[in-house]
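Visitor: Feature annotation from TrEMBL assigns transmembrane segment to B:12-31, B:37-57, B:69-90, B:134-153, B:184-203, B:240-260, B:276-295, B:334-362, B:396-416, B:452-475. Residues or ranges marked as K(+) binding site in TrEMBL: B:THR111, B:THR112, B:ILE220, B:GLY221, B:THR317, B:THR318, B:ASN434, B:LEU435.
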There are 2 protein chains.
Amino acid sequence: MQYRLTLKILGLLLMVFSLTMLPSILVSLIYDDGAHHAFIVAFLWVIAVGFGMWLPVRNWQKEMRTRDGFLVTVLFWLVLGIAGSIPLFLAPEVHLSYTDAFFESFSGLTTTGATVITGIDDLPKSILFYRQQLQWLGGMGIIVLAVAVLPMLGIGGMQLYRTETPGPVKDSKLTPRIAETAKALWYIYLTLTLVCGAAYWAAGMSFFDAISHSFSTVAIGGFSTHDASIGYFNSVTIELIAVVFMLLSSANFGLHYVAWNSRSIKHYFLDPEYRAFQVIALVLASMTSITLLLIHTYTPFESFRYGIFESISLLTTTGFATADFTIWPLFAPFVLFMASFIGGCAGSTAGGMKVVRVLLIFKQGLREIKRLIHPKGVFSVKVGNRKVSDKVVESVWGFFSVYILAYGLIFFGLLACGLDFVTTWSAVGSALNNLGPGLGEVALHYGNIPGVAKWLLCLAMLLGRLEIFTLLVLFTPQYWRK
Amino acid sequence: MQYRLTLKILGLLLMVFSLTMLPSILVSLIYDDGAHHAFIVAFLWVIAVGFGMWLPVRNWQKEMRTRDGFLVTVLFWLVLGIAGSIPLFLAPEVHLSYTDAFFESFSGLTTTGATVITGIDDLPKSILFYRQQLQWLGGMGIIVLAVAVLPMLGIGGMQLYRTETPGPVKDSKLTPRIAETAKALWYIYLTLTLVCGAAYWAAGMSFFDAISHSFSTVAIGGFSTHDASIGYFNSVTIELIAVVFMLLSSANFGLHYVAWNSRSIKHYFLDPEYRAFQVIALVLASMTSITLLLIHTYTPFESFRYGIFESISLLTTTGFATADFTIWPLFAPFVLFMASFIGGCAGSTAGGMKVVRVLLIFKQGLREIKRLIHPKGVFSVKVGNRKVSDKVVESVWGFFSVYILAYGLIFFGLLACGLDFVTTWSAVGSALNNLGPGLGEVALHYGNIPGVAKWLLCLAMLLGRLEIFTLLVLFTPQYWRK
Ligand SMILES: [K+]
Ligand SMILES: [K+]
């Protein structure tokens, strides 16, 4: 393990991250909300600690290796989670315990969007802005991680239909490739955010709300500057804009890159994963709307309006809300929460298990049935025109089962904390899928559950974001052996 | 499809099954409980219908082929479920609706052991005997199915560590092999039943209860002649006997066969699946007992007494009860219900996903982690000393995912029937794993849930018993094509 290099990277990371306190200081001064103090202190602490970590190892010049990537990636999230929690903990206006401050920060950075705060409408603008920005930064980190880092570690959905072997380049030099890819992704991410923000603004949001919600839409985050979430605006236009950008942000960012380079949108309809996602979204939104229509909860127009919005919000794992689905018959939110296990496409900011994995599991299930009927037949699993190797199919199954296992273990932990079944069921799924909202005791916010439960949910968020295996590898003796 | 042959087999099956009404008629006459009428009518109906089906096609001499096996196997359960429900529906002493009579019959035959009847202690002896006998017959059917039929169809855990290809012999002649294997299994099953019954009798059960409970123990069924189940006897000796025979009946019956032929018990400690089962049982029983000890629900002795019994009862999917675990903190029954997803070994009367599958999933998970750390390494999954082919590993994953999918779909159905979350969660798992007991509204019995929910649970029991794929294959167009 190259510990000195790890320290250097994390030190640099912290110094860069400290700069993200500056916009909040500016917002605080503009709105004169009095919360600038917390951000200034946080800025100084984070930059000082980062500098202190970087200084003694600044001349360390070794290249990072694939294997170090596992540790660095896990520490990346933990260190940012802690750094991000500082202003939330310090600001007297939100008076959070440290557990709550970390939960809020981590939920933001992982783009989960579960909140422990009530009375969001009354918070200082700078704190509101900071929460939204945490999600946006987290989303950026996730894209880079999903598109550039995890595939090199052999983890994640991205490489599933790209290469034949899960670990393509052993001990390859990571840095140059990451930097190049990250830059292209950054432009796409920024463009999406700007267009989304402009659309929100044009549709009637205030400038502040437009920026804030474009941050959490493109990041599939789900934080809002209002307790009532997107429902606050009560605008069909705004809801439509949100739906469009949730769907766009659920696409593989590599697909946006291809579309941008070729100046053509045809790839959105050719990519097998995004096509499957569109079909799932359509089926889910129709099912939900028709269900709402049949049970007479709303008028026909409202049934489709709320049905479509909530379906897309939960499927993409955004977690924005316009309707109170806790008053729906339980099976309707049940299906939406189950849909969040699918999530968006690999290489997007969305959570869940990712569409490509669900697609592969489905196709392999079909192959099993074909094999039973024709025992001597040879069948291969294909995505698009590409044959998927058995090794890749196996890695998907491995992912699927550890995902379920992680869900079961954290489920057990939350029950042991004394939470009821519906609360536990929804909260664990919501955290693991980086979705956000819950049912039961966490229907409104996560503030009232025990501290241990909050930490367990943070673990679930981390596992979801790290596609589980990145963290799991660190717990094997083999990893730490020379 | 050889429909005439199918009809002939089912006709013969019904005629044989009609004979199983005779012992109940005898019991009714001995105890003079007045219920003999229902059994006589049922006997006449079943034998007449069977004869009517068999008569026109009795000279049809074609051999059965593998492919026909799927349809015959599914019809086998359905036809027996209907035939078995007749006396329960006719007997005025139990006054069941047809839905309830079928549920009780099907729950018995699939050795699930979920009941819709209250006041079991007050039922006529002949009805009690009949219910226990249904489980015993079902258990026999399951063993033959699991050891002889399903492997030929390429389904089931049995072939997982036996052969390399899921469908070993295409269109082979089924009958002679089944008959030979079935005979050996029948002796083992009978011997286990007799020894178990004798032990119960010696431990203080009445002769009637001893036979009745040996039937439902060896079949991993869980029906009892008392509302309080095994708890009625309040005897540590009886509970220990039950634990021993639940553990024995959870072994692959092929293993009993080997042990019997070689006059040695060493195979019970050499077989990788049964060894894994022993480890799981030990860990689960210890965990449960220590948990009960720590939460001060019982005295230390009771903690181990109830902890061990309930752990083995739920892990093996028997479903006998001695303690009321609905008063335990929810996470304790949660773990026991999750354990029932493992179940016993392939080729036993136990339900669940079977130990060998869980073992393979676990080993493949370990391989995935090794592959991440050493991307160029070649690792194989082994059970014992045998290398498991990728095809077999994939078939296990396929099973795992359709199992979860079936669980999710029936879960949705029960929620849509208006059942609460804990009831649904426990009932669906209990039916799919052929376990029996539930929580919430079905903690005592399944009588009060809506009729649609009962039929959905019957579907879950069937799916569990048919290892899902047997039924799934029938819903593909490929199966029905020439
Ligand atoms: K989210
Ligand atoms: K059972």
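In case you wondered, yes, glycine gets a Cβ from its N, Cα and C as well.
Note that this is a predicted model, so its numbers are computed, not measured.
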Visitor: Within this structure, do the transmembrane segment (B:334-362) and the transmembrane segment (B:12-31) have 3 or more Cβ pairs under 8 angstroms, counting pairs 6 or more apart in sequence?
Guide: no
Visitor: Mind checking which residues of the chain, 6+ beyond the ends of the transmembrane segment (B:37-57), have their Cβ under 8 Å from one of its Cβ atoms?
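Guide: Hits for the transmembrane segment (B:37-57): 4-5, 7-8, 10-19, 21-22, 24-25, 28, 83, 86-88, 90-92, 126, 130.
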Visitor: Neighbour count, 10 Å Cβ-Cβ cut-off, for B:THR317 (K(+) binding site): what number do you get?
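Guide: A 10 Å sphere around the Cβ of B:THR317 (K(+) binding site) contains 31 other Cβ atoms.
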Visitor: Show, in sequence order, which residues other than B:THR111, B:THR112, B:ILE220, B:GLY221, B:THR317, B:THR318, B:ASN434, B:LEU435 on the same chain lie with their Cβ within 8 Å of the centre of the Cβ atoms of the K(+) site.
Guide: B:THR110, B:GLY113, B:ALA219, B:GLY222, B:THR316, B:GLY319, B:THR349, B:ALA350, B:GLY351, B:ASN433, B:GLY436
Visitor: What else in the chain is close to the transmembrane segment (B:396-416), if you only count residues 6 or more beyond its ends and a Cβ gap under 8 Å?
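Guide: Beyond its ends, the transmembrane segment (B:396-416) has Cβ neighbours at 160, 353, 357, 360-361, 364, 423-425, 427-429, 431-432, 452-453, 456-457, 459-460, 463, 467-469, 472.
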Visitor: Based on Cβ pairs under 8 Å, which of the stretches B:134-153, B:184-203, B:334-362, B:452-475 lies most in contact with the transmembrane segment (B:69-90)?
Guide: B:452-475
Visitor: At a threshold of under 8 Å on Cβ distances, which of B:134-153, B:184-203, B:334-362 pairs most often with the transmembrane segment (B:452-475)?
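Guide: It is B:134-153, which has the most Cβ pairs under 8 Å.
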Visitor: Around B:THR112 (K(+) binding site), how many other C-beta atoms are within 10 angstroms of its C-beta?
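Guide: I get 34 for this one.
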Visitor: Which sequence positions outside the transmembrane segment (B:184-203), separated from its termini by at least 6 residues, show Cβ-Cβ distances below 8 Å to it?
Guide: 136, 139-140, 143-144, 147-148, 209-211, 213-215, 217-218, 235, 237-238, 241, 245, 248-249, 253, 256-257, 260
Visitor: Please report the number of other Cβ atoms within 10 Å of the Cβ of B:THR111 (K(+) binding site).
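Guide: Other Cβ atoms found within 10 Å: 35.
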Visitor: In the structure shown, which of the binding-site residues B:THR318, B:ASN434 has the fewest Cβ neighbours within 10 Å?
Guide: B:ASN434
Visitor: Ten-angstrom check, please: count other Cβ atoms within 10 Å of the Cβ of B:ILE220 (K(+) binding site), all chains counted.
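Guide: If we count other Cβ atoms within 10 Å of B:ILE220 (K(+) binding site), we arrive at 33.
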Visitor: Counting only other Cβ atoms and using a 10 Å cut-off, which of the binding-site residues B:GLY221, B:LEU435 scores lowest?
Guide: B:GLY221
